[in-house]
Amino acid sequence: MDLSLSHSIIPTPIIPHNKSHTFNFTLFPNFPNSNSQSKHFLRKPLISRQNHPIRIRAQTPNVNNNNDNDGFVLEDVPHLTNFLPDLPSYPNPLQNSKAYAIVRQTFVHPEDVVAQKVVVQKDSPRGVHFRRAGPPEKVYFKSEEVRACIVTCGGLCPGINTVIREIVCGLNVMYGVDDILGIEGGYRGFYSKNTMRLTPKAVNDIHKRGGTFLRTSRGGHDTHKIVDNIQDRGINQVYIIGGDGTQKGAALISKEVEKRGLQVAVAGIPKTIDNDIAVIDKSFGFDTAVEEAQRAINAAHVEVESVENGVGIVKLMGRYSGFIAMHATLASRDVDCCLIPESPFYLEGRGGLFEFVEERLKENGHIVIVLAEGAGQEYVAQDLHQVDEKDASGNRLLLDVGLWLSHKIKDHFTNFKKMAINMKYIDPTYMIRAIPSNASDNIYCTLLAHSAVHGAMAGYTGFTVGPVNSRHAYIPIARVTETQNIVKLTNRMWARLLASTNQPSFLNSDEGIPEKVDQEPTEVMNSVKITSV
């Protein structure tokens, strides 16, 4: 199917829903002629989301059947020409690059899109698509006029320095940009800290270090102050590396830039070690975190194997999502039980954790439990009579569920079962997030950085980048911040873990699991009776 897709839709009159019309719109009005013939689309009510760019729903005749509605939806990203229609374009400098000279197709085609859902049925709608990332044939910035800046916000994560390095090197080597600033100390750095000059030489080996070369902070987002600073410094490309709250801030900056009519491209690079960013396949640093978690799990296993009735508890990162704990458990094969925020658990009674620990101790003489930091928080708060507190980013401050569970298990077996156990508690959470990224994440971070650079040079703004079904795409920021990616208890991956560990599901067997397989875990839990601690 040949579809012409635009980043900038020419407004059309509102058409009554009970009438069918065809219309043409110009695709990439500032792009050179791509030799595409004009296409016809059947006008239908457009699906829209609050704070989202318009979804483009396209219907074209299907030669295989009489249904002319194939359910194609493009969730496009904003472009500078949306509010600066007379913005000139220029040939991409990459066309003269020796590195790209042997590439068969240097530039992405303006009609290339990436499907969000890769598995479909024969007659099902084509579904949601995103614009494919990559170098464009035309750019909207002259290289010598670009002044870019990079900022990192929020918590640490393996790979941040690699992203910084590759944005700098990508801008410089691919596009000949020399004027690049590093904003120190997170969002506050725009108006309260000094900046530093970033050159390929200055960032040459930072990928070998953990943390962030630019330093970071939480909170401090003041949209007007930030955009004032961007405007005063003459910055026209902003690269923002951070998690959910940071990306929401990037969206606000993009909207304020548009309101002021500034030629400033705002690109987000999503970051979270927990892998809880929606839409994209996974977040950078996740593979490194899972790999490093193996060291802690292996240490716990060695410890508990070497003593009588050894109980090892390893607490891993995972505030709201248990992906690190789940994947580390599946990779390890030494874990007996995995507890995550999405799956409530209980201690006492039939099918409870105490019963399972006792069975494993009798069977194997030891047990290893992997615990995500966000699991069981309601139990800890209830037991310690704590109230919810939040950090500067608005995240709930977590109580130490690892120490709490260690004390609970030891107290139960010592005082009630009169059974001596050897407790080994390991908390490597900050060690895991502070290390440099591994080889896989280094490559991934390079692709993320280059995709962001290509997108900004192409004139896109208010977008974030990431792999969707293994193809990098430009995604509206609102799509990755409207919800969090979580482990779905009704999916096969969690079933694989339960089969691997042979642990209880901690669901009341009388109630069962709902038949609907696409429910969120919170919905599943609402329909299942949970025995309280």
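We count from 1, first residue shown onward.
From the backbone N, Cα and C atoms, a Cβ is placed for every residue, glycine too.
Bear in mind that TrEMBL entries carry predicted annotations, made automatically and left uncurated.
Annotated active site, proton acceptor per TrEMBL: ASP274, in sequence order. Long-range Cβ neighbours of ASP274 (active site, proton acceptor) (same chain, at least 6 residues apart, Cβ-Cβ under 8 Å): SER283, PHE286, MET317, GLY318, ARG319, TYR320, SER321, PHE323, ILE324.
Residues or ranges marked as ATP binding site by TrEMBL: GLY155, ARG218, GLY219, GLY243, ASP244, GLY245, THR246.
If you look up TrEMBL, you'll see ASP244 marked as Mg(2+) binding site. Around ASP244 (ATP binding site), the same-chain residues six or more apart in sequence whose CB sits under 8 Å from its CB are THR272, ASP276, ILE277, VAL480, THR481, GLN484, listed in sequence order.
What TrEMBL lists as substrate binding site is THR272, ILE273, ASP274, MET317, GLY318, ARG319, GLU373, TYR430, MET431, ILE432, ARG433. In the shown protein chains, 25 other C-beta atoms lie within 10 A of the C-beta of GLU373 (substrate binding site).
Per TrEMBL, the feature domain 'Phosphofructokinase' maps to 148-454.
For GLY245 (ATP binding site), the number of other Cβ atoms no farther than 10 Å from its own Cβ, over all displayed protein chains, is 19. As annotated by TrEMBL, site 'Important for substrate specificity' applies to GLY245.
When the alpha carbons of ARG218 (ATP binding site) and ARG433 (substrate binding site) are compared, the span between them is 16 angstrom. Remark: ARG433 (substrate binding site) has GLY155, LEU156, CYS157, PRO158, ILE273, GLY285, ALA289, MET317 as non-local neighbours, by Cβ distance under 8 Å and separation of at least 6 in sequence. Considering only the binding-site residues GLY155, GLY219, GLY243, GLY318, the Cβ with the fewest other Cβ atoms within 10 Å is that of GLY219. Spacing of MET431 (substrate binding site) relative to GLY243 (ATP binding site) is 19 Å (Cα to Cα, whole number).
GLY245 (ATP binding site) and GLU373 (substrate binding site) have their C-alpha atoms 20 Å apart, to the nearest angstrom. GLU373 (substrate binding site) and GLY243 (ATP binding site) have their C-alpha atoms 18 Å apart, to the nearest angstrom.
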